[in-house]
Amino acid sequence: MSIPDVHRPLYHAFLDQACISRGFDTWLARLPEQLARGLDPKRYGDLKAWEKAVAKLPPLPEARRVQLDADSVTVECGLDDARRRQCENLLRALAPWRKGPYRLSGVTIDTEWRSDWKWQRVAPHLAPLHGRRVLDVGGGNGYHAWRMSGAGAAFTLVIDPSPRFFWQFQAVRHFVGDADSGRTHFLPVGIEDVPDELAAFDTVFSMGVLYHRPSPLEHLLQLKAALRPGGELVLETLVVRGDDTTVLLPGERYAAMPNVYFLPSSAALVGWLERCGFENARVVDEADTSLDEQRATDWMTFQSLADFLDPEDATRTREGYPAPRRAVVIANRPA
Ligand SMILES: Nc1ncnc2c1ncn2[C@@H]1O[C@H](C[S@+](CC[C@H]([NH3+])C(=O)[O-])CC(=O)[O-])[C@@H](O)[C@H]1O
């Protein structure tokens with residue numbers, strides 16, 4: 001089987017994991033089909049253009065400074081102005097950029113989300129990531145994954161079915177180069193494509209995904225099955241204020257989003273986790289989403305949070321629901 005260059009690091013990482021964990025054998029065997037489906041040009045019209053943009057990024061000097069533990073994922077390698085402009089144009093061809101920020105060889109990508117703020121809310125509460133195997137479910141373009149590797153994770157895998165985010169990730173990887181020693185990877189699939197009862201990851205993140213799932217308890221069980229016994233789940237999702245019996249199921253749209261299902265209170269969410277067999281479930285953060293955290297920028301020019309709220313009352317969405325509020329809950333798969 002001939003493996004395109006872009007997929008080689010992923011195959012190598014999966015081979016390494018397969019030596020340690022039997023579940024990865026099964027997954028490795030499914031990689032060719034999963035990659036072909038996730039990056040099928042017949043399903044995604046713009047895919048070839050994104051691939052070309054990444055392929056055209058110029059070779060970079062070996063000497064570069066890579067910072068994965070800063071608020072902006074940063075790579076500095078002293079490009080001249082012409083090459084910097086070339087990089088900027090190619091990176092713009094992958095827009096909209098939603099998750100970041102990044103600073104790549106003098107190009108500042110001011111993304112829709114200040115994803116670093118979410119990381120600041122989550123990071124202090126994590127079991128130290130150093131040396132751990134980490135899965136980021138619905139990890140967007142991989143911004144948080146780079147931060148996980150920056151915190152010392154030994155193997156970080158993003159799964160996200162968006163092929164645009166796959167190519168944004170590959171663009172960032174072009175800049176990061178070997179500086180992360182091949183620890184950070186992206187597979188363009190959804191949680192439903194993770195083999196059953198993998199029981200392999202030390203930490204599993206699901207941030208900004210649960211409310212998109214029509215069956216949230218099934219999602220929690222899938223996350224649990226991916227964790228090794230004793231492993232840690234980090235769950236971040238939209239919540240509403242209320243007690244352990246409060247859950248909102250909005251109508252067709254919530255804050256203009258069509259695919260939003262269950263928004264529990266954080267207390268109800270802890271109950272769901274316990275019902276799914278997690279232990280030690282605890283809310284470590286809960287806060288309203290500010291208009292400064294999610295906003296339109298030069299790199300994401302469509303509407304953003306401010307347009308999705310009631311113009312007269314920012315505590316309500318334009319459909320009349322409570323405005324976005326997010327909680328971070330941590331729990332463990334029993335050892
Ligand atoms: N079946 C699925 N399986 C996995 N991922 C999926 C699936 N369906 C959609 N997604 C992906 O889930 C992500 C949800 S965004 C969170 C990003 C990041 N985690 C963040 O916390 O900023 C939502 C937000 O902006 O809050 C998107 O990238 C989808 O492609």
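The backbone N, Cα and C atoms fix where each Cβ goes, and this holds for glycine too.
Annotated in TrEMBL:
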BINDING   K99, W113, K118, G138, D160, P161, S162, I191, E192, M207, Y211, R326  carboxy-S-adenosyl-L-methionine binding site
Run through the Cβ atoms and count how many others sit within 10 Å of the one on D160 (carboxy-S-adenosyl-L-methionine binding site).
26
Using only the residues recorded as binding carboxy-S-adenosyl-L-methionine (K99, W113, K118, G138, D160, P161, S162, I191, E192, M207, Y211, R326), report the maximum Cα-Cα distance in Å, whole number please.
26
Using DSSP and collapsing to three states, where does K99 (carboxy-S-adenosyl-L-methionine binding site) fall: helix, strand or coil?
strand
Secondary-structure category, per DSSP, in which E192 (carboxy-S-adenosyl-L-methionine binding site) falls:
helix
Find, for the listed binding-site residues K99, K118, S162, E192, Y211, the residue with the lowest Cβ contact count at a 10 Å cut-off, counting only other Cβ atoms.
E192
